[in-house]
């Protein structure tokens, strides 16, 4: 990431319709689904009702076989099967950590792969999903940043990660039962996987609106957290159009250090970022912003850093998540000593901010924060190759 990078990255997103193939309904907005049904011959007067019926099959019951959508006529189901598909990304491999964390390697159109992580806890289940193949930000402490950006994910590929996890966890509502028939295993979504979500804003927005829709997956916006490295111009739009919880990959208290750790800081330095964050809780009706802070030995973990951090965020409803650095092969940093992390947390706590220390999860399967990178990373492809695969 350089200081001259554009706000909207020049990265292709695969179309929902592959060459000479059917339209994939997964990822279409309600309006998009209705329009697709009308184009396929559904009378306009029936389109709203049909949209609602299909929506509930797809996103409440997890049924993607049109023949099983039994409240639709046989002829209508046959038309759907001839015209559309309802496909989610393919799970290539599934690893389960000793602590119960699950990591999925997922294949999408073009043969590219991303990673998805499910973290079970006593009172919640958090699904960490990706928004891009690779990443453009090159944050020096993050393994994902060493995998070059290939492309944005479509809305279908983003919400599809949620759906495949629910498949694996057997979380869908059985036909004939209410939406509260089963305990919710995926209770929270965090956009903290591969990629910068705000460089793929429209697709992330559409996918999260599907996740929040009350007739489908029905997650509260308070249970969805979008993590950004600080794409300042998109922060207000996130509050207005998504309204989810916001986390910021902060990681440093001076521009000199943050320029090295999070190079996007060269374009939007700390002062500009904090200015953009001050209005977010009010506009989005969120309780507070989460500041993520990775603890790097002798880099950003001094008492002076802790005191500066408290001063910087003064006046912003916030909590600070302290993240012990999760090492990966070739990493240029070390994790701060535990005593140092606790001392740092104590300074923040005494200043009146919650400062939980994140327990590393899934380290044995490289599923912890900052460790994600496609294990079978493909050879980099040229734009011409990507366009050819997409039928552009």
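Glycine is treated like the rest: Cβ placed from N, Cα and C.
Here Swiss-Prot flags 115 as active site, proton acceptor. Taken from Swiss-Prot, the feature active site, S-methylcysteine intermediate covers 369, and the record attributes it to sequence analysis. Residues annotated as [4Fe-4S] cluster binding site in Swiss-Prot: 135, 139, 142. Residues annotated as S-adenosyl-L-methionine binding site in Swiss-Prot: 195, 196, 227, 249, 250, 251, 326. Annotation comment: Swiss-Prot describes 128-369 as disulfide bond. Sequence annotations record features per position, and here Swiss-Prot assigns domain 'Radical SAM core' to 121-358 based on sequence analysis.
Structure coloured by features recorded in Swiss-Prot.
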residue: 115; record: active site, proton acceptor; DSSP class: strand
residue: 128; record: disulfide bond; DSSP class: strand
residue: 135; record: [4Fe-4S] cluster binding site; DSSP class: strand
residue: 142; record: [4Fe-4S] cluster binding site; DSSP class: coil
residue: 196; record: S-adenosyl-L-methionine binding site; DSSP class: coil
residue: 227; record: S-adenosyl-L-methionine binding site; DSSP class: strand
residue: 249; record: S-adenosyl-L-methionine binding site; DSSP class: strand
residue: 326; record: S-adenosyl-L-methionine binding site; DSSP class: coil
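Spacing of residue 139 ([4Fe-4S] cluster binding site) relative to residue 250 (S-adenosyl-L-methionine binding site) is 11 Å (Cα to Cα, whole number). Taking the Cα of residue 135 ([4Fe-4S] cluster binding site) as the reference point, the closest of the recorded positions 115, 195, 196 is 195.
Summary: among the recorded positions (128, 139), the fewest other C-beta atoms within 10 A of the C-beta are counted at 139. Site extent for S-adenosyl-L-methionine: the farthest pair of Cα atoms among 195, 196, 227, 249, 250, 251, 326 sits 19 Å apart.
The average pLDDT computed over the domain 'Radical SAM core' (121-358) stands at 92.
Cα of residue 251 (S-adenosyl-L-methionine binding site) to Cα of residue 115 (active site, proton acceptor): a distance of 23 Å. For residue 196 (S-adenosyl-L-methionine binding site), the number of other Cβ atoms no farther than 10 Å from its own Cβ, over all displayed protein chains, is 29.
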